[in-house]
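Novice: Pasting the feature list from TrEMBL:
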- 505-828: domain 'PDEase' (DOMAIN)
- H581, N582, W583, R584, H585, D622, D732, Q785: AMP binding site (BINDING)
- H581: active site, proton donor (ACT_SITE)
- H585, H621, D622, D732: Zn(2+) 1 binding site (BINDING)
- D622: Zn(2+) 2 binding site (BINDING)
Amino acid sequence: MDLDADEVERWLCEKAPQDLVDRVIRARLQHRTGSLTINRAKRGSMTSEMFNTWLASSPIKRSRSPNRVTRSSGEWRHHLGLLDEGELFMELIRDVSNELDIDVLCHKILVNVGILTRADRGSLFLVRGRHLVAKLFDVTVDTELSEAVDKAKEEEIQIPFGVGVAGTVAETKQVVNIRNAYQDPRFNREIDHMTGYTTNLILCVPICNYDNEVIGVAQIINKTDGSHSFTEHDVEIFQRYLTFCAIGIQNAQLFEKSIQEFQRNQMLLSLARSIFEEQNNLDCLVSKIMTQARDLIKCERCVVFLLDLECEEASHLEHFGAKPGNYSLEKKASTKNSTDTLAEEVAVTQEQQKDVNFTTVFELGSELGVKKINKNVKPSKLLQIAQEVASSTQLLNIADVQVWAASLSRQPSMESDEGCTDHVPIKSILCMPILNGKKDVIGVAQLINKETGFPFTDCDVATFEAFAIFCGLGIHNTQMYESACKLMAKQKVALECLSYHATASVDDTIKLAQDKIPSAETYNLYSFKFIDFDLSDDDTCKATIRMFLQCNLVQQFQIPYHVLCKWVLSVRKNYRPVKYHNWRHALNVAQTMFAMLKTGKMERFMSDLEILGLLVACLCHDLDHRGTNNAFQTKTESPLAILYTTSTMEHHHFDQCVMILNSDGNNIFQALSPEDYRCVMKLVENSILSTDLAMYFKKKNRFMEVVENGEFDWQSEEKKALLCGILMTACDVSAIAKPWEVQHKMAKLVADEFFDQGDLEKLQLNQQPMAMMDREKKDELPQMQVEFIDVICLPLYKVLCDTFPWITPLYEGTLENRKHWKDLAEKVEMGLTWIDHDKIEIPVEEFFTHKSTKDIEFTVTTLNTTQNSTKKSNTKVSKKHGKHT
């Protein structure tokens with residue numbers, strides 16, 4: 001028999017006897033029920049795959065179980081009709097036991113209750129706060145799920161506790177069974193008038209959870225069997241069934257909350273990704289944030305106000321000399337809904353609102369894209385509310401804007417909605433401040449009009465609070481990124497200006513390029529006893545050029561002569577006129593390196609490129625020295641100390657060196673290959689950083705270890721860098737090996753510079769400087785010089801001359817000067833002084849303080865020595881403002 005199953009079923013329904021139809025249906029139901037039982041036994045926990053499948057499917061599709069006969073089919077109805085009351089009850093309980101979709105569950109409950117009690121239709125209300133909200137309304141046994149859900153969404157019915165039949169049941173937790181609805185004062189006749197339906201019987205039962213708290217109310221109307229009342233048996237069946245349904249409702253509500261939390265977390269993760277993806281574009285970031293907020297909380301509009309940024313170009317003059325405003329206040333946790341409370345607080349904050357200046361507004365309507373308004377922000381209720389939130393940093397949840405505005409004294413302009421994107425009337429607003437990491441208000445976000453037409457809920461508030469945190473981080477990061485870009489551009493412009501003014505003039509370059517360069521012998525460049533005192537400034541530059549020419553570097557590396565001249569002049573120009581660490585010190589260090597290479601025969605260990613790098617490093621090793629050391633930069637928290645935490649000044653010297661080389665017409669390395677350029681710049685950097693004595697102490701032990709091992713090959717990269725660093729230190733302190741007259745004069749210059757720093761530490765930092773920088777301990781300097789020689793200089797020169805005998809003059813000169821310093825130290829102990837007081841006693845005069853100048857007393861002490869006794873006379877000299885002891 002080759003027949004379709006549907007045709008067989010149709011034939012049976014039309015022509016077969018009723019007893020045969022009943023037997024066939026019962027057999028099919030037993031088969032399917034057994035299949036369902038097997039499947040139910042295998043049902044496990046909800047996996048992530050099932051969870052995602054559940055999320056992806058629609059409520060309509062989720063309501064159709066593949067293991068159950070279609071609910072609307074005659075077969076399902078006929079099956080239920082064959083069951084006795086107990087079996088029917090259990091079958092309907094199984095029907096709702098595993099349903100997690102709240103809409104589907106409520107629909108099944110009402111349909112099943114209608115079957116159990118033979119009610120005509122029913123409604124189910126769920127508790128929200130102190131209100132009942134109609135989840136599904138007027139559902140019959142034949143009402144499809146989609147129809148019921150759409151009808152409920154068209155107009156959400158809310159009933160306060162204690163109002164109407166359902167409200168009374170929610171308030172009292174008592175069953176209400178009405179035989180004549182129109183005679184009961186609690187019945188609302190308007191619904192019948194609107195629908196044309198006549199309500200006679202009403203049975204309303206509370207739905208309670210395990211703690212006997214009302215979570216909903218179910219209501220059924222009229223009987224389909226012609227009965228004139230709901231019997232006690234109907235009430236009992238209704239209550240028993242709702243007891244089981246309460247468990248399902250709570251499970252479905254918990255699951256719905258977990259879905260909402262999952263979606264909220266996904267949104268926050270997506271927003272976090274947006275923060276990093278769009279941090280270079282504020283407009284794109286805000287657009288994403290607003291779109292996600294609108295879609296998540298289901299509102300019609302979203303508006304974001306941003307406060308005036310200090311980095312705006314037009315605000316420089318306005319904010320010049322003024323302390324930046326701070327809108328950060330401690331946020332209060334309460335959400336304001338009371339109009340009376342708001343009225344009191346607004347009166348207090350009206351003055352603060354005047355200081356809140358929004359310069360940028362982003363609006364996202366229901367249809368149009370994001371609209372941005374700059375500067376010209378027109379007055380409106382939205383602006384007024386945003387100003388109040390920014391001033392108070394309190395979240396506002398306004399249920400009815402018109403009532404709220406009418407209760408407060410408003411200017412006429414505040415009643416206008418001018419500037420709205422799509423002119424949607426404003427009903428409700430959820431408004432929250434946007435804070436950065438420092439709790440400063442940087443903007444205000446507003447959500448306008450829920451799509452349901454009702455006020456924003458506590459769940460919306462909680463979601464929006466978490467949302468606002470990410471908004472604050474994202475907007476603040478983007479603003480900081482834009483500010484950083486502007487600052488980098490300003491720095492680039494400033495660097496271009498400084499580079500222009502820091503380089504030598506064309507006239508000076510032409511003059512030096514045309515001048516005759518005397519021989520190395522004329523300047524005594526080969527000698528370790530070179531003295532620059534008699535050289536003019538022009539001669540110092542010529543002597544520098546002579547060293548490059550004598551090493552054949554100009555020809556070897558194709559350095560244009562005028563470029564070399566301009567570079568030397570620019571280097572000289574970038575040394576400050578401090579007392580010791582100036583251009584002449586750089587010249588002396590470079591000359592010592594030249595003498596070590598030529599006279600000391602160290603050039604045999606160096607390539608031409610390394611000789612070029614060493615001379616450049618010596619000339620640039622103290623560029624832009626301020627007369628203060630690294631410790632002073634750290635104590636004063638100078639910008640340089642912020643840039644570089646170690647070898648602060650040395651890093652700055654190298655940066656200045658690079659700046660000069662990159663300036664127009666100063667690149668003496670322009671003809672080098674990329675590889676040679678990389679090598680020479682690395683050598684210059686390491687050599688300049690090696691002049692930090694802290695670096696010397698780290699390298700000294702390693703160098704001595706190499707020497708003690710009898711090392712004669714210095715060509716490996718690591719040993720060559722070590723050797724170059726040690727040579728740089730030897731050149732930097734080479735003034736200690738000069739003839740005594742030169743060394744004594746140099747020591748006074750160093751002491752003057754140190755004393756100036758000590759004076760600054762006393763007056764600016766209110767700290768006691770170390771002994772070598774303390775003007776009051778000037779007579780201890782000879783002994784300090786002895787210690788400096790013993791700790792640093794002699795060990796350094798001793799190991800160098802033992803390894804490279806040709807530089808012995810440095811060691812011998814240091815030994816000779818040590819004798820002089822030792823002699824002076826002994827005489828100081830006898831009461832003698834070692835330097836002229838008229839120079840060393842003058843403290844630094846340039847004190848930059850914002851306070852009024854205090855009266856300062858200077859004391860000049862003169863030590864007069866005779867054979868028998870030492871007399872001290874103190875002369876007190878005070879400034880004209882008075883004395884201060």
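If you go along the chain as it appears here, the first residue is 1 and each next one adds 1.
Using the three backbone atoms N, Cα and C, a Cβ is placed for every residue, glycine included.
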Novice: Within 10 Å of each Cβ, count the other Cβ atoms, then let me know which of the binding-site residues N582, Q785 comes out lowest.
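Specialist: Across N582, Q785, these binding-site residues, the one with fewest Cβ atoms within 10 Å is N582.
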Novice: Output, ordered by sequence, the same-chain residues six or more apart from H581 (AMP binding site) with a CB under 8 Å from its CB, or 'none'.
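Specialist: Sequence-distant Cβ neighbours: D622, H625, G627, E753.
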Novice: Within its own chain, what residues at least 6 apart in sequence put their Cβ under 8 Å from the Cβ of W583 (AMP binding site), listed in sequence order?
Specialist: T540, V571, R572, Y575
Novice: Could you give the Cα-Cα distance between H585 (AMP binding site) and H621 (Zn(2+) 1 binding site), in whole Å?
Specialist: 10
Novice: With an 8 Å cut-off on Cβ-Cβ distance and a minimum sequence separation of at least 6, pull the same-chain contacts of H621 (Zn(2+) 1 binding site), or say none.
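Specialist: Residues satisfying the criterion: A586, V589, E650, H653, S687, I688, T691, M728, D732.
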Novice: Between the binding-site residues R584, H585, where is the Cβ count within 10 Å the lowest?
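Specialist: Across R584, H585, these binding-site residues, the one with fewest Cβ atoms within 10 Å is R584.
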Novice: Quick one: which residues besides H585, H621, D622, D732 have a Cβ within 8 Å of the Zn(2+) 1 site's Cβ centroid, in sequence order?
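Specialist: My list of surrounding residues reads H581, A586, V589, C618, H625, T691.
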Novice: In the structure shown, which of the binding-site residues D622, D732 has the fewest other Cβ atoms within 10 Å?
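Specialist: Each of the binding-site residues D622, D732 was scored by Cβ atoms within 10 Å; lowest is D732.
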